[in-house]
Amino acid sequence: MDDTPQNSARTADEREREVVIRVRGLEVGFGEKTIMKGLDLDVYRGEILGFVGASGTGKSVLTRAILGLVPKRAGTIEVFGEDLDGLNPASRRAIERRWGVLFQHGALFSSLTVRQNVQVPMREYLDMSDRLLEELAMLKIEMVGLSPDAADKYPSDLSGGMIKRAALARALALDPEIVFLDEPTSGLDPIGAGDFDDLIATLQKTLGLTVFMVTHDLDSLHSVCDRIAALGEGRIIASGTIEDMLASDHPWVRAYFHGKRARAVMAE
Amino acid sequence: MAGIEAMNSGPAIAVDERGGDMRFVVSGRWTAPHAAEVERLAAMLLEEARGGGSVRIDISEIGRLDTLGAWVLDRTRHELGDRGQRADFVGARPEHQTLLDEIAYRGFQEPSRAKNLHIVDFLVDVGRTVVEVGKDFVRGVSFLGEVVAALVVVLFNPRRFRFPALVHQLEHIAFRGVPIIALISFLVGAIVAQQGIFQLQRFGATPFVVDLVGILILRELAVLLTSIMIAGRSGSAFTAEIGSMKMREEVDALRVMGLDPVQVLIVPRVLALIIGLPLLTFLSMMSALLGGGLVAWVYGGISPEIFLARLQGAIVLSTFLVGLIKAPFMALVIGLIASLEGLAVQGSAESLGRQVTSSVVKSIFMVIVVDGLFAMFFAAIDY
């Protein structure tokens, strides 16, 4: 199940070529409405991919389709080189163990404390002593920048930023190789959002994570994302580095990256 | 030295003892899926190194390291240090060194679990519950005041009244409740009649079953059955609706828009209950009498004509009114408790479940208490 070395010595170029998520010809729709048609997407190991698109173009739907929460009508999705459709339930679970998800609103279990939330996947999947379980949960909580006394609070007692951090701690509980972040910095103040970006960059470096980040935050796109993909008209309309995006001719991409807000960020 | 095989195999430790320095060569995958093995090996390393001098942990052959592996390794190093044995990592690859630095073992305080004597806990619980019951009562009375005040406001400003909401609630409470209330009442009426006939037969007083069924159903059973069903069916729905609105700050949204949640959410629901419950009670009475009449006919040999004639003799208008008068009061009690519990919901899903349960339990309990009070009242005024 975990036969892809994560931290083994590889050159950056080699890493570039390994595709961890490969989406081909994806078609998703609800009822009469088709949201995605013929969407192709590659996510490379070890990169932070920023995913942008106008509201309602289906960024969250794409994430959910990859995670298997939304049924697709056509196309293939390969994760770690395995087609998700052809998997038996056991191998499917093995794949699910290797990714972590930060939902837009945290989706913390409201009747459990932060510590218990982080321990849920660990208890379920890992065989370890109670001492290690406690220590690791606290480690993850501290790694995401929460103070230890937040560990025994319930999600309803946390601020928006703390919920995002706690949810990230839970997403990282099993040391995943890919983390999906759905608007991780939305609803945070600019300083908090900046801290969160730094946190993601640090974690990505130390843990060798691949990060799939849906975001509207131009600061995040600019400061932490290695590559950006823009979604529109049911497919990827542009992808590449921030420079590629700036050079793109697509009207929406131009409007997005050359708008007043974008110019303010780029000018820094 | 480290082949691909060693990199991809499970965690392992080899001991290499030369001179005073102990050297442990750590290899394989020190990752979460191998947690049990990782812990066992770390404990073994601690044991092996006991009594020795300084220790070097060679981690150059580790295939894969994640936070769990790094944590356990660093913890082991610290524990050696605590015993006075100097321990160092050697041959760490840069990415592993970054991870080890980031993890940096530190002790965490065990969560303190306060331990009290059980008897003290028990007494504290009892005391708290008694105080809560008292507070509940006060809250109920003050909430009744709020609802009445809102009703008065609506009375003087009919335009503020939400007529569509009332109709919508009436449909859900009364109209959709018809089949189940009718069915249950029919069955209970039939059972009471059957038992009545069976027991009265022995005294040769079978025809009195009509008096029994008529008075029992009209005075007590119909209104109690309906109230209990509605407490379970609609009271729980109110609590859940209002509670989840509270959870998602919708109630606060109403308040900041200058809308009174009591007026918007609770008045239509309570009014719908007050109108709906007597209607359903009437339905329940008729349905139960039908069930009783049918059993009396089939099982007791009392024909419908005789049943109706005896019924007319047995009951007076007040028998029927006693039952019906109670219905709006039951409705008010159910509506108030359900709304109050709904507004008491806190942030978590668990709290929602708790309040819904408590709403249903309290409503049913209060319905029976109120019924008892009415029985005493009607006896006192000889109605």
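Residue positions begin at 1 at the first shown residue.
Even glycines carry a Cβ here, placed using N, Cα and C.
Curation does not apply to TrEMBL; its annotations are automatic.
Of the listed segments B:30-50, B:282-302, TrEMBL assigns transmembrane segment to B:282-302.
If you look at the transmembrane segment (B:137-156), the same-chain residues 6 or more away from its ends with a CB under 8 A from one of its CBs are 260, 262-263, 266-267, 270-271, 332, 335-337, 339-340.
Long-range contacts of the transmembrane segment (B:282-302) within its own chain (CB-CB distance under 8 A, at least 6 residues past either end) are made by residues 178, 181-190, 192-194, 197, 206-207, 209-210, 213-214, 217-218, 221-223, 225-226, 308, 310-311, 320, 323-324. Within its own chain, the transmembrane segment (B:314-340) is flanked in space by residues 139-140, 143-144, 147, 210-211, 214-215, 217-220, 222-223, 226-227, 230-231, 234-236, 238-239, 242, 262, 265-266, 269-270, 273-274, 276-278, 280-282, 285, 359, 362-363, 366-367, 370-371, 374, 378, 383, which lie at least six positions past its ends and keep a Cβ under 8 Å from the stretch. Below 8 angstroms of C-beta separation, residues 206, 208-209, 212-213, 216-217, 221-222, 225-226, 229-230, 233-234, 276, 280, 283-285, 287-296, 299-300 of the same chain, each at least six residues beyond the ends of the transmembrane segment (B:177-197), sit close to that stretch.
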